[in-house]
Amino acid sequence: MQIRQSIKLKKPLIHYITNPISINDCANIILAAGAKPIMAEHPLEVSEITSVSKSLGVNLGNITDNKMKSMLISGKTAYENKIPQVIDLVGVGCSKLRLDYAKKFISECHPNVIKGNMSEIKAIYGIKSSAKGIDVGACDIITKQNFDENIEMIKRLSMETGSVVAATGVVDIISNGTYTYIISNGCEMLSMITGTGCMLTGLIASYISSENILDGTVLAVALMGICGELSQHAKGTGSFRNELTDNMFSISDDIIIKKIRINSY
């Protein structure tokens, strides 16, 4: 829990280039974690912004020519300055444009964390996926039958890229190729509002600013799931969204320790 306390104390600046659909919620979840968001995306300023930030997040949702240019500039700046960065592979399972771009970004910017659902992770690894738009396809969902083979694929992707891989879903799998963790927190409501995956990427960006990449990623993923569970009895999706941010802001270490469901593989 030292990472949480460090973030709250230091309030690191987090540069997050995301989509207009979820940008407000992403900024607020970063604030709730104790960090400071900046959402700059103009190609002429992003290098300067990234260079003074403590971490970078890039999100492939709702991409544009300018945003693609900006993310690559920021990613290279982060890599050159040893600033931790995470890429969210939104939609690479259904869009060749995004898939080709993600491969280029990973090759040239070497992100510390690659995050996506199982359809997106399979696509970036080069395996045919059954993505349903930006959502995971039914055939790609992790089951008891495909659990081991999916874990091995995630580990290989991590070793080949040098990145921590975070495969999110009903069960979350996070690996750096050597250590692999399975997190079973979360609730259905998290999939019933738009932007929770984007918010998680902002949270990962916040916690990896501590430079403890694997632990920061694990903490972010577990916290999102736990806060979802704490919020799931809300009246509806609107109040759930608000309670999710409230719980992220107020959750104690004791509750995290009590609620977390994590196993090593």
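Every residue gets a Cβ built from N, Cα and C, even glycine.
Listed features, source Swiss-Prot:
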BINDING   MET39, GLY195  substrate binding site
BINDING   LYS115, THR168  ATP binding site
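What Swiss-Prot annotates, mapped onto the structure for a quick look.
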| residue | record | DSSP (3 states) |
| --- | --- | --- |
| MET39 | substrate binding site | coil |
| LYS115 | ATP binding site | strand |
| THR168 | ATP binding site | strand |
| GLY195 | substrate binding site | coil |
Residues that sit under 8 angstroms from LYS115 (ATP binding site) by C-beta distance, when 6+ apart in the chain: VAL86, ILE87, ASP88, LEU89, VAL165, ALA166, THR168, LEU200, THR201, ILE204, THR217
Sequence-distant neighbours of GLY195 (substrate binding site) in its chain (C-beta under 8 A, six or more apart): ILE21, SER22, ASP25, CYS26
Neighbour count (Cβ, 10 Å) for THR168 (ATP binding site): 26
